[in-house]
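Here the structure is laid out as structure tokens; the discussion comes afterwards.
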Amino acid sequence: MRSCAGSRRRLSDSEGEETVPEPRLPLLDRQSSHWKNAVGFWLLGLCNNFSYVVMLSAAHDILSHERTSGNQSHVDPSPTPIPHNSSSRFDCNSVSTAAVLLADILPTLVIKLLAPLGLHLLPYSPRVLISGICAAGSFVLVAFSHSVGTSLCGVVLASISSGLGEVTFLSLTAFYPRAVISWWSSGTGGAGLLGALSYLGLTQAGLSPQHTLLSMLGIPAVLLASYFLLLTSPEPQDPGGEEEAERAARQPLIGTEAPESKPGSGSSLSFRERWTVFKVWMKAGFELLFFRNTSLSHAQQYRWYQMLYQAGVFASRSSLRCCRIRFTWALALLQCLNLVFLLADVWFGFLPSMYLVFLIVLYEGLLGGAAYVNTFHNIALETSDEHREFAMAATCISDTLGISLSGLLALPLHDFLCQLS
């Protein structure tokens, strides 16, 4: 069986000798390679998005507490809280959790915007190594920070890791069978569920936020092991396929021709960007869906919202083999209805129980995950082989741009609502 190192040589951008086409693998070896690649891309999706999700789950803690100086062994059990708006019925932080969302997404947006201009000059392996180092650095920096500003710098590192990893691994799927897209999407959904659930579970069990973050340092190591040790070289789909993969890997992501697509696909992708604005605007507003006189504190309610949303995302991102949706715009319309309904509840407070909000948040996650996996699956079907790498990388931009816009909109919305008595 060909080694993973061979794959890295073929997919790197460094100069090398031409490789002689190898004969197709026997059936047993092909099956083994299929499952190794499937598990590999699932783990890559899981590990790549893990730090991003954990930072969102920890957003309320990051903004609610200052670390006392000199306290590096544990988080002070009675940290000094950042002032809240006591006159508001929403129990608001002075800074919206949208600030953490922006720190967690704007560096990703910059990376994805610049990627088509020169990222192809950097081979895949160094990109993955940088991504893993940044992920580990984010956990350490936030865990040992003494201020909100330093914690936000750690969130920025998580964003760099996630953004660089996403554009790298989605481009890499162009050299593997289309089925790996489903495994990658399922892994990113698993990151949402496991990331939010692990942070919720460990903090609920009494572990400090600092120790909770430090316990997650093994995730970047799993990412590196999955890429360097688990993935096999791409199996050629037709004679000369490996030469085509090598030639494509050496080309800039922006070429002289536009990616080919089937009629109607362009409108779906443009609507996806608008849909993402609504989706993440709602996530940034979870902080304001606060129920008093319950067994859960404000911070605990926020963590439960994040965990349930990610549970829905995981379930729907893993459902491609069971349910495929061609018209993703329908999911966007349902998201808009969710936005209007929850904003009305924030304003009027007509929902009697937080458990109803739990159900709506879970439903929101199901819609979001389904839109993600079906969008990339449709792109894989509708673009030609030579354009698929570019299409996968470019489509990430619309998703990240929508999240960034929603974070910017959520900041003034948060301040406005928090001024209501």
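We count from 1, first residue shown onward.
Backbone N, Cα and C atoms are what each Cβ position is placed from, and that goes for glycine too.
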With TrEMBL as the source, identify the stretch among 154-176, 269-291 annotated transmembrane segment.
-> 154-176
Taking a Cβ cut-off under 8 Å, which residues six or more beyond the ends of the transmembrane segment (95-115) line up next to it in the same chain?
-> 52, 55-56, 58-60, 62-63, 82, 148, 152, 155-156, 158-160, 162-164, 166-167, 253, 280, 283-284, 286-287, 302, 393, 396-397, 400-401, 403-404, 406-408, 410-411, 414-415
If you count Cβ pairs under 8 Å, which stretch among 39-59, 127-148, 183-201, 327-348, 354-373 touches the transmembrane segment (154-176) the most?
-> 127-148
